[in-house]
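Record features (TrEMBL):
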type	residues	note
TRANSMEM	16-37	transmembrane segment
DOMAIN	33-272	domain 'Rhodopsin'
TRANSMEM	49-76	transmembrane segment
TRANSMEM	88-106	transmembrane segment
TRANSMEM	127-149	transmembrane segment
TRANSMEM	177-199	transmembrane segment
TRANSMEM	211-235	transmembrane segment
TRANSMEM	247-267	transmembrane segment
COMPBIAS	278-288	compositional bias 'Basic and acidic residues'
REGION	278-324	region 'Disordered'
COMPBIAS	295-309	compositional bias 'Basic and acidic residues'
COMPBIAS	310-324	compositional bias 'Basic residues'
Amino acid sequence: MVTKVPLSENPKGIKIYAVLWPLTGLAGIFLGLRIYSKTFRRRALWWDDYFIVVSWILLLLSCCTTSTNVLLGFGLRFPQIPPENFDVFWIISNISGFSSVLSVACSKTSFAITLLRLTGQNNWMRWFIYGLLALLNITHYLSAIFFWVSCNPPAKTYHPDIPGECWPVKFTVNFSIFVGSCSAFCDFVLALLPWRLLLRYNMYNREKIGVAVAMSMGIFAGITCIVKLTTVKVLEEGDFSYNSLPLVLWGFIEPACTIMAASIPMLRHLFKNLRHSSDDDSAREHSRSPSPGAGEEHAYAREQREERFRPRHHTTGHHQQKGG
């Protein structure tokens, strides 16, 4: 039986709620608009869409499990957490970390697949992106698996009190920094590749720049990853519950930012269609409602046309007769 810890007694828990749930909702809005944009244009969903949907589901799972841990005491110092909560606390912590790491891998895999669709017959670039995908997924999936196998027996990863041995904290920190560095490297490279890819497309320069900028939003995911790397050292400080708040928050911000960045390029079509639809409505409204004074202008133009085509009088003959 677990004991619920009131949020009023857990200030760090309040911060976790204030960051995780708004970010999850915002990433969900971007994802929903991305899917709507495709269905609005009657485009079929592709693998990149499926991967990013899975990424958001994993992000939501991480948000739910971390929020549950806050109710168990996550954010307090270990002596302040009710002892009966620890059995559930460590299992939920592993699930939260596991799903967060996989969410990062799926969101960045989604964007890489999108770029693969743009490469066409450019073989060297395709193989380069395949290499980035291999590096990204191997490192992140290993990192996710280590949540469950870093101790002998494995059950010690979520039951720290049972006899056994775990990997040194120094190894965990160094491997986490290595994985984060690979992730940031892939972010920056994938953000720069669109500039190279779009050169071969027959588009206006302004359009090319707009698309390239939209597809380079992953640079922000790389920045959040670098910031997260600066927080990994907290694992060496002990008291994971109290000291790991920055690591948990930035570990959550990274996949949320990647989901939004990977969705932005797809939203350009939606906003463009909405803008054109608005312009068409304005044009139709303008044609139905002439501006003030337009009636007088049309009447004057009609009179000018009538005057132009009106037969001339033979005034010259008349003057000659009078003169004669």
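For all residues, glycine too, the Cβ spot is worked out from N, Cα and C.
Automatic prediction, not curation, is the source of TrEMBL annotations.
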The transmembrane segment (49-76) and the transmembrane segment (247-267) contact flag, 3+ Cβ pairs under 8 angstroms: yes
Outside the transmembrane segment (247-267), six or more residues from its ends: residues with CB under 8 Å to it: 15-16, 19-20, 23-24, 26-27, 30-31, 33-34, 37-38, 48, 52, 55-56, 58-59, 62-63, 66, 96-97, 100-101, 103-104, 107-108, 110-111, 114, 183, 187, 211, 214-215, 217-221, 224-225, 227-228, 231-232, 234-235
Same-chain residues at least 6 beyond the ends of the transmembrane segment (127-149) whose Cβ lies under 8 Å from its Cβ atoms: 94, 97-98, 101-102, 104-105, 108-109, 112, 115-116, 119, 157-158, 167, 172, 175-176, 178-179, 182-183, 186, 189-190, 193
Confidence summary for the domain 'Rhodopsin' (33-272), mean pLDDT rounded: 88
